[in-house]
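The domain 'Neurotransmitter-gated ion-channel ligand-binding' feature in TrEMBL is assigned to 2-102. Taken from TrEMBL, the feature transmembrane segment applies to 111-128, 169-191, 280-300. Look at TrEMBL and you will find 111-206 tagged as domain 'Neurotransmitter-gated ion-channel transmembrane'.
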Amino acid sequence: LVWVDSDGRVFYDCRISLVVICIMDLWKYPLDSQVCEMRILSYAYPESQLRLKWSDRIRPIDRNMDIRMPDMQLIDIRTGTCNGTYATGIWSCMTAIFIVEREMMHHVMQTYLPSALIVVISWFNFWLDVDSAPARVSLSITTLLTISTQANAVKLALPEVSYMKAIDVWMGSCMAFVFGVMIEFTICHFAKNRELSRSDLRPTIVDSVVNTLFVGNQDIVDVVCLHFAPTVVRNKEERLNSKFPRQLIQVTRRALAWTRSLRNLRGRRVANKIDEKCRFIFPISFVVFNILYWSFYILLN
């Protein structure tokens, strides 16, 4: 519609439906806020013939407060001018800036909280016995695959960009914590088996003492099966009535049991010590990471 006033003022009214795009910077996604700019200008008339400006008497841009976007919130609308000087002259232009902020609660419930719980579940490994290798490996692999699947699902919902987003930092760190639990079990298992291998390759202190006292350089297992020489007891009758061979065999069997138990003692103690330390190191590290992560991205936002 067109209205012409008596003073020569022309009022033109029309309804235009526009579909515009907004180039977003996603490096803080999903803790980001976006600035979307829309420009209105004429390509036919320069400023000397047509001057565009926002009204000062009424609110230039109005919106319906009942209409909301599902994942974004409109924070502010700013208006201004963007006149440009070209070779053909000065062209009038006006701009509208829409500041939108992403709704974070959806992403907290769908992404951040589940991934944090997966990391916490992976810490159950530290309370399992070091000999429970199948249970610990299964728990580590399950949590690692779960966090990897969740990270891939997040990537599929976003356009591909060349820079790292905030959600990538979070998912990558969670995956690193879960992978660290798997590395910790590997170290514990290696420390436990290393001492067992060493004890198999070299004689223990008990082996050396018993061999020196009783049978020289022979192994303890052979001591149990040995029949003592007749020189220990001079005649047959005394040898049959003597209690010395039975006592000696009982002592050597006890020494053999000691050596077998000592083989796993040191390695098992080291593995348990690592588990006890990690019960505090991993949760504290994850809490510190959360403080740094949320402080960095929220303060920058």
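Using the three backbone atoms N, Cα and C, a Cβ is placed for every residue, glycine included.
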Tertiary contacts of the transmembrane segment (280-300) (same chain, 6+ residues out, Cβ under 8 Å): 28, 31, 119, 123, 126, 166, 169-170, 173, 177, 180-181
Composition by DSSP (helix, strand, coil) of residues within the domain 'Neurotransmitter-gated ion-channel ligand-binding' (2-102): 0 helix, 41 strand, 60 coil
Residues in the domain 'Neurotransmitter-gated ion-channel transmembrane' (111-206) grouped by DSSP into helix, strand and remaining coil: 79 helix, 0 strand, 17 coil
